[in-house]
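Some features that TrEMBL has for this protein:
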type	residues	note
DOMAIN	B:47-161	domain 'Ferric oxidoreductase'
TRANSMEM	B:50-68	transmembrane segment
TRANSMEM	B:80-98	transmembrane segment
TRANSMEM	B:118-139	transmembrane segment
TRANSMEM	B:151-170	transmembrane segment
TRANSMEM	B:176-195	transmembrane segment
Amino acid sequence: MLIKKPHEIPPSEITPRHIWERRRDFLKVSAAGLGLAATAAFTGTGLARASATGIIEHIQPSPYSTDEPLTSLEDITSYNNFYELGTDKSDPKANAKFLRPRPWTLKVDGECAAPGEIGVEDILALYTQEERIYRLRCVEAWAMVVPWVGFPLGDLLKRFEPTANAKYVAFETLFDPEQMPGQRRKVLEWPYREGLRMDEAMHPLTILSTGLYGELLPNQNGAPLRLVVPWKYGFKSIKSIVRISFTETEPHATWNRMQPNEYGFYANVNPEVNHPRWSQRSHRMIGDGWLAKKHPTLLFNGYADQVAHLYAGMDLNRFF
Amino acid sequence: MSSGQDRTRLLKPLLFALCLLPLLLLVGRGIIGSLGPNPVEVLTHETGNWALRLLLLTLAVTPVRRLTGQVLILRFRRMLGLFAFFYAALHLLIYLWLDQFWGWSEIAEDVLRRPYILVGWLAFVLMMPLAITSTQSWMRRLGRRWKQLHRIVYAIAILAVLHVLWLVKADLMEPAIYALILALLLAMRVPWAWLSMRMRRLGSVARER
Ligand code: HEM
């Protein structure tokens, strides 16, 4: 094995500070006598699992992470577009208490040889959880940097053996007005639906997220399982997923169907394609403060090197 | 009459303070840092909302006077209208400064490309002559035409409601409430306008005889 000098280790390979700080706190708590949590901490051998306190264990760093400064946990969890929990940015946090993320089963069906169901606990145990620090760009011209915890969506999809007919992947959020009071009014067409092309879904940057800041996902961020596609506008990253289907034709996507001239199916971040109501050339970074200048928006949200080839030869102005 | 004047002397500063309260609250929240993760958005929305609310309150004065016969409230109309303009000016200032950072080419592009911005500008530009001519001396100078000029307020209110209807992404509830209130306030004027037209016509017929 090659021994690297300290300065050659990329920052992404070092356990992020906030995680080891939390682990240290966690061990202190365990030592103080929280037997249950302590068991959880020491039984796993490379397998991720969540302790009783919501901390996800054995999170691996990822080379795909950015080293940009993180948006604070407070901001990430109190400024959300999650209409199922209310249309104001502050509503999802206030209504988070209604959502019950356990027990939770994900159903996978459509064009695949092995359709089935899988529980969230099994997902956490079966797939190595990685920390993926990604830029998140909302279609409303604001952005965050979020330390997601999750794993490549492709790894899960393979398990259900998609057939040659599987050209797209469709996603569906839970529909239950009891748990999601925003669904009592027909602001959007419920349940929320989204879709990806198969190659986008299998791309290593595309993850299913189970947590952020080292802990299980807060309800307002789409617990217990959400999509994260960092080169697309945030609305593609559907939350609280209960169903994934392989399809042969382009799946129904909620915002796209509602206002096709404003929200494309692809919704790739693109500073040259303006939303009819906002310029997409720049964005406000949440947490920067009010006098801070906006940041220039980059094609594919700065992930062009990794994903541009997916769209080679496509007219991005037409397929926006 | 003198007791009415006493009362307005007391109530006017009170109303002034009340109208200033939303701004003071915003400044206070700004100072203690409780404007949330996106303070500029909160400032834009709050100033815009108060401009529209005060505009609708201004338009409510006449119907309320007619329904209640309470003429005193007429004396508050100018203050309400000027505060509507004040909050609209703040709203615009925040947009130009904290949202666009005086980037005039982007600002021009916004006007040309986005109907809701165009309509907002129209509403604001139309508010300016009304604010300028709101003084006693302008009232005297313009005489009858003052009243005609200030009928523009109806157009301003319609444009402002259009502005909000057009900027909403999906949830039309709030703009729909504003639109409903405005429709009500305008509709309440119809019977009186009709009556006064009838009276005038009757008057002229009588004179002809
Ligand atoms: C001078 C030109 C104006 C410009 C450039 C302007 C711009 C804006 C912008 C950028 C927003 C936020 C849009 C968003 O969040 O997506 C907004 C919202 C709003 N504006 Fe204006 N505006 C103008 C005039 C006005 C006027 C004259 C009024 C009312 C009398 C008004 C009332 C509102 C209201 C009520 C909102 C919505 C607040 C909310 O959603 O809570 N605006 N305006």
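In case you wondered, yes, glycine gets a Cβ from its N, Cα and C as well.
A TrEMBL annotation is a machine prediction, not a hand-curated record.
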> Per DSSP, what is the residue tally for the domain 'Ferric oxidoreductase' (B:47-161) in helix, strand and coil?
Replying inline: 99 helix, 0 strand, 16 coil
> Among B:80-98, B:118-139, B:151-170, which stretch has the highest count of C-beta pairs below 8 Å with the transmembrane segment (B:176-195)?
Replying inline: B:151-170
>> I need to check the long-range neighbours of the transmembrane segment (B:80-98): which residues 6 or more away from its ends have a CB within less than 8 Å of a CB in the stretch?
In response: 15, 19-20, 22-23, 40, 43-44, 47-48, 50-52, 54-55, 57-58, 61, 107, 120, 123-124, 127-128, 130-131, 134, 153
>> Can you give me the average pLDDT across the domain 'Ferric oxidoreductase' (B:47-161), rounded to a whole number?
In response: 95
